[in-house]
């Protein structure tokens, strides 16, 4: 029941406004990301299938946090009945399991792509990733439904003893056996281990490849006036080692691509390579930092201060909204596709016909599709993880 008098302080308003804003941003941002992935047929690549599933889980997390976990901060009581708490736990724990498994899968996917790029297409296929995603959703959803029907302890809910600034398991006297801790702690620890091992290796390999490309380009430029044949050989070798130039050269035109076009493609590929480093490092490291801080705070140092509770809640909400922010911020093509999608849905809602002429970005993509370079062989690890230039040949 609501208390008779519960004063609301400035800290309550600040925490509630911040957490709800992050939750709404997680919902809208990930819905926008899902829309772009579906409309532009990114799902022909395995990496984007993982991205779609992860974005769906983040939408569910945003719904749970904005409608269940954080409204008690301002209400000063939890209005959710017992059955509602149990249903929300099914959704939240399923989405959390998907987040854990898919963050691990994305990091391993990039690691395999960098280390075994020649065999990547044989090892990681769209069909296998689809089966993995479906299995994870069904397996953990079924397990949480079993926990629901047998009314196992203990349900996650807003904690009154911490002024509802965070959520967790309520205290019982005597203590009860917690099935969720037993079931999900091994998955969380395994995720931390995978991220700890895979992320440094992936980033080091990407950095080495980037430095090697720069060295090859500088070496080729210094000898361009002496031996044209040697320059062609070096450029051919650089193309095989380059991640994004392979994709771009396939789309840039005819068999005889001019040197100026190649140089322009080289500069663009280097910029895309830098975006890959930022995307992978920021997204993975933020999630890794949250998991590490969570375990240190709750299981190592046993911090129980108000500041720790607020920090955990904000960090948790940030992990669910950061993906679309990073991808749309660092990918011009995805921003253009999002604008195209918004315009298209606006025309549908207002019953207006779509403009007859395609946008400049779409026209460019259509022209680049029609003239693939026949001598280029592409590998999936060469594709910017979240850049539409890698997928426009499926448009």
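Glycine residues also receive a Cβ, built from the backbone N, Cα and C atoms like all the rest.
As recorded in TrEMBL, the features of this protein are as follows:
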TRANSMEM  13-38  transmembrane segment
DOMAIN    29-327  domain 'G-protein coupled receptors family 1 profile'
TRANSMEM  50-73  transmembrane segment
TRANSMEM  93-120  transmembrane segment
TRANSMEM  132-159  transmembrane segment
TRANSMEM  179-207  transmembrane segment
TRANSMEM  276-297  transmembrane segment
TRANSMEM  309-330  transmembrane segment
REGION    356-376  region 'Disordered'
COMPBIAS  363-373  compositional bias 'Basic and acidic residues'
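By the Cβ criterion (under 8 Å, sequence separation of 6 or more), the transmembrane segment (50-73) is in contact with the transmembrane segment (132-159), since 3+ such pairs are found. Beyond its flanks by at least six residues, the transmembrane segment (132-159) meets 49-50, 53, 68-70, 72-73, 78, 80, 85-87, 89-90, 92-94, 97-98, 101-102, 105, 166-170, 172, 176-180, 183 of its own chain at Cβ-Cβ distances under 8 Å. Taking the domain 'G-protein coupled receptors family 1 profile' (29-327) as a whole, pLDDT averages 80 in the prediction.
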